[in-house]
Amino acid sequence: MAKFSDIKGFVFDLDGVITDTSVFHSQAWHQVADKVGAPWSKELEDGLKGISRMDSLEMILKAGNLQDHYTDDQKVDLATEKNTNYLKLVDKMTPANILPGIKEFLDEIKDGGYLLSLASASKNAPTVLEKLQLTNYFPKIVDPKTLSKGKPDPEIYLKGAELINLKPEQCIGVEDAAAGVESINAAGETSIGIGDKTILKDADVNFTDTSEMTLANIKEQMD
Ligand code: B16
Ligand code: MG
């Protein structure tokens, strides 16, 4: 693992790290699972975190052994329906949906001169940032449309570092999903996992809750 003094920037995940939208994604996918008759479980819910929209749908269909029951067009319709339901939930969002301690942490790293980029798999990330009034913190956002592979592939976190002109070793990636931690580690960045430590066991640094994430607490676990 890198030394804390080597770190010059942070590459952030959005859903489940900056804001509680992972609950909205789950709610909207649960509706799709019920509609197609696929079983919904905690394992499936956790496994969908950080996974792109179409790959998420495939995972849900696979859980019900239903992959071959839908044409490509029907799959696009199901994913579009999920997104419409998700955006209805996003529309009600305000800065009150920022997770505890995140605004303070963003200010701490900005004031500390660290660079910042966003590596969210979500095509809705700019809309969500607007709702949270956090757009100004993230002038550099990886566009998921430009990716050839989603998380757990390292591509998204490599692009996040590239956007702020840093080497991966100079970056910390922050994630709530196992697929995301895998992506950060494969990119050669230091990983912070936020949430259940048994699920995020591969992270270099772990916090149960966003409110624990401060520069001092990160340094303590790294050095
Ligand atoms: P969308 P993250 C991910 O965002 C979510 O965790 C995941 O549940 C979602 O399916 C994915 O974005 C795609 O989102 O359908 O809005 O394009 O955690 O990488 O910020
Ligand atoms: Mg996430």
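Cβ coordinates are placed from backbone N, Cα and C, and glycine is handled just like the others.
According to TrEMBL, the protein carries these features:
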BINDING   13-15, Trp29, 48-53, Ser56, Lys82, 120-124, Lys151  substrate binding site
BINDING   Asp13, Asp15, Glu175, Asp176  Mg(2+) binding site
ACT_SITE  Asp13  active site, nucleophile
ACT_SITE  Asp15  active site, proton donor/acceptor
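Features recorded in TrEMBL, as mapped to the structure shown.
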residue: Asp13; record: substrate binding site; Cβ neighbours (10 Å): 31
residue: Asp15; record: Mg(2+) binding site; Cβ neighbours (10 Å): 24
residue: Trp29; record: substrate binding site; Cβ neighbours (10 Å): 25
residue: Gly50; record: substrate binding site; Cβ neighbours (10 Å): 31
residue: Arg53; record: substrate binding site; Cβ neighbours (10 Å): 20
residue: Ser120; record: substrate binding site; Cβ neighbours (10 Å): 27
residue: Lys123; record: substrate binding site; Cβ neighbours (10 Å): 13
residue: Glu175; record: Mg(2+) binding site; Cβ neighbours (10 Å): 29
residue: Asp176; record: Mg(2+) binding site; Cβ neighbours (10 Å): 25
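Considering only the binding-site residues Asp15, Glu175, Asp176, Trp29 (substrate binding site) has Asp15 as its nearest partner by CA-CA distance.
Listed in sequence order, the binding-site residues among Asp13, Trp29, Arg53, Lys123, Asp176 whose CB lies under 6 angstroms from an atom of ligand 2 come out as Asp13, Asp176. Reported as a whole number, the C-alpha separation between Arg53 (substrate binding site) and Glu175 (Mg(2+) binding site) equals 18 Å. Only Gly50 of the binding-site residues listed as Trp29, Gly50, Glu175 bring a Cβ under 6 Å of any atom of ligand 1; the order follows the sequence. For the Mg(2+) site, the Cβ centre of Asp13, Asp15, Glu175, Asp176 serves as reference, and the other residues of the chain with Cβ at most 8 Å from it are Leu14, Gly16, Val17, Ser22, Lys49, Gly50, Ser120, Val174, Ala177, Gly180, Ile194.
If you measure from the Cα atom of Gly50 (substrate binding site) to that of Glu175 (Mg(2+) binding site), you get 9 Å.
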